[in-house]
């Protein structure tokens, strides 16, 4: 009986061991599945219907182009490494393209969006499914139309959160708040553009600036719709900001609250505490605010920075209201922030030059140290003769133009990417110069009018796969000096140096920041100054580079890089989708 009992106990022990093994095996499977889910990228889908929608601002109504009837457009949310599929249907009466600003789209330029650079436009009644491949971007990006001036109303945020199982490199905020800075014309934006191009002068200034599509308290017929942000005292909030305005850098601040910048252009930065930000068109900023002030109502406000005294611009201020939750009596009027003067170029440059990459173990950087291609590109405002027997709105009756290395870009009527991929001749040339054709004192106060006339051309710069590039943007005072927010598609770049005056090849590189330069896709080159960037050409394709002031793009301040395929299979452009729009 005892032996039987012993056998019985042994059997139970064996059963227990098997049971524990099964539980352990199940736990291992669950953990592995969890790890796989964390590492596996998701496919996220959105439908974008481009249509005309009636909107009322400033006491007047008009039809505007929208996505899904929304202004600003819908926010796309994804995680790092995901793929986003967007089905774009054009139900409007004009051509459209959509650009995913700040997304590198590795080896897949087909979805990048700039009209006649990487695609023909999506015509009315047509559709195009765009595949947005996210790679190392993390933070706030955005999307916008990239044809004519449609981006004035066709734009929205693209929020890339950390992968599941990872976290922000700062304490998680209580909530995230979109802050889309823009501008509004009472007139139809297409009419504004066509009138500006016909006259050859500056465009008509906007009638209001906006925060999340609303002008705010300081404009007629706007107070009831002013954007309001409710906060709890003691909590931290993250602003996901973009400057979607058409033609100006903006200053932005919140009354009595510091901003702690923690990211820009889809990459993290060292925390930067500041009372204001200067944000270029196209640029995004992630900033924390701590609701640590007495309960009250506080204005967040934005206004244009304009460094050129000859340029006509909208000198108004847009506001939104940060209002604390709780029972209290608010001030009769919200507290107003102190913003830099509209022409304070040092305030703009000082903020931009204060950004630093996080450069941590979890978020490392890789600044190219050995450079194989050194480029110097001058950025100039120019003039061209007006048509016979007519007078234009530019200097001396001429029409304005703009150039990079004295070439005003002449857009083709078909896709450069399509021509390159298929080996078509006659669409573009490959002679874009490494240096400006004329060497002169670029920022002199008195430059000869003979420097004002540019060449016209559709020239591209060809780079080899894995070229390491140092590109110095040099602003000039030809016609008139002004800031230029330069945006490169398909890449982020390290901003290693900047300054006023002429770049000195012997002196200025000695002061480069090669330790923790910010990683950006849009950088404001200061008025009559220079900015140096570095990047590795490891994303094959056709990639647009241009000033993000829309008037300068219309005048021709743009060019194209073609990055050749590498030798390996994973270093080559992927094939185009079957539904690429036709010209």
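Placed from the backbone N, Cα and C atoms, the Cβ positions cover glycine too.
Any TrEMBL annotation is an automated prediction that lacks curation.
Keep in mind that what you see is a predicted model, and the values were worked out from it rather than measured.
Look at TrEMBL and you will find 1-41 tagged as signal peptide. Sequence annotations record features per position, and here TrEMBL assigns domain 'Plastocyanin-like' to 50-163, 176-327, 431-566.
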Stretch-averaged pLDDT - the domain 'Plastocyanin-like' (431-566): 97
Residues of the domain 'Plastocyanin-like' (50-163) by DSSP state, where helix covers H, G and I: 6 helix, 58 strand, 50 coil
For the domain 'Plastocyanin-like' (431-566), the number of residues DSSP places in helix, strand and coil: 13 helix, 58 strand, 65 coil
